[in-house]
Amino acid sequence: MSTVQVPKLNTKDLLTLEELTKEEIISLIEFAIYLKKNKQEPLLQGKILGLIFDKHSTRTRVSFEAGMVQLGGHGMFLSGKEMQMGRGETVSDTAKVLSQYIDGIMIRTFSHADVEELAKESSIPVINGLTDDHHPCQALADLMTIYEETNTFKGIKLAYVGDGNNVCHSLLLASAKVGMHMTVATPIGYEPNEEIVKKALAIAKETGAEIEILHNPELAVNEADFIYTDVWMSMGQEGEEEKYTLFQPYQINNELVKHAKQTYRFLHCLPAHREEEVTGEIIDGPKSIVFEQAGNRLHAQKALLVSLFKNVEELS
């Protein structure tokens, strides 16, 4: 591996993108692009990553397990329901025990506070694979996808339309960090968390990014380079049928995308519900790069894993 240096990160864990600098993010993306071209780099030979899941997963589980195999290591699936933690063992005790057995933890769960405690009590790296508040690995892959398309973040406008959820939160922090212009359009009452917006705005002041929270989807996508959406019903929210009516004006369809640049690209973190948050014409059309985006989860996470594991080795 002579062409690209492993990024040096000033953190043991990745819980949100707030923990990374712009330079660290760009280094991770460039390293991820290198690993995408050189899939079988045994940089984590013999390392074990524990994968704790309290939520269903396709992309997160497969990309982390495949990534560890390609790096020469092993991903160990740990069902949250089957672990003693599911029967009352404390997060703190679980963290200390796992630190004796394995080299890193990826956790996909509900409570962000639990992930913070797990990281605090672990002597090994902890990666947030998704909580109710944040999805940093997704946002890192999204930035990689945008960077591959444009080779820059300067002057790029990303429009997020839909529910101000965990993906939206991580994209706000990501866009602020790298200096992008991000607009968010949601129905009233479904805006992103106010504290996270404040953090993004504070970061944007330092980086020159522009962050706008709107309720008008046409205004949000006006002259956008990238349009992004997510499902209207997150896991555990199924049955809130009134949301469908409220969110209908926020569907990504041929009429709405007329307001974006002609060269716009469509992004979605998947899984998608066609004819709800996006029409089939858009997600399956020529402007969509959602499967390239999904593929980049693998490469971005591999870059993150190598960087965090190597960082811990150097510190110890």
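Glycine residues also receive a Cβ, built from the backbone N, Cα and C atoms like all the rest.
Per Swiss-Prot, the feature carbamoyl phosphate binding site maps to Ser57, Thr58, Arg59, Thr60, Gln84, Arg108, His135, Pro136, Cys137, Gln138, Cys269, Leu270, Arg297; the stated evidence is sequence analysis. Every protein chain considered, the tally of other Cβ atoms within 10 Å of the Cβ of Cys137 (carbamoyl phosphate binding site) stands at 25.
Annotation source Swiss-Prot lists L-ornithine binding site at Asn166, Asp230, Ser234, Met235, citing sequence analysis. For Asn166 (L-ornithine binding site), applying a Cβ distance below 8 Å and a minimum sequence separation of six or more within one chain yields Leu130, Thr131, Asp132, Asp133, His134, His135, Ser234.
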Cβ neighbours within the same chain of Asp230 (L-ornithine binding site) - under 8 Å, at least six residues apart: Gly162, Asp163, Asn165, Val167, Cys168, His268, Cys269, Glu277
In the structure shown, which of the binding-site residues Ser57, Gln84, Ser234 has the fewest Cβ neighbours within 10 Å? Gln84
Binding-site residues considered: Arg59, His135, Arg297; fewest surrounding Cβ atoms within 10 Å belongs to Arg59
When you measure from the Cβ of Cys269 (carbamoyl phosphate binding site), how many other Cβ atoms are you left with inside 10 Å? 25
Using the residues the record lists for carbamoyl phosphate (Ser57, Thr58, Arg59, Thr60, Gln84, Arg108, His135, Pro136, Cys137, Gln138, Cys269, Leu270, Arg297), what whole-number Å value is the largest Cα to Cα distance? 31
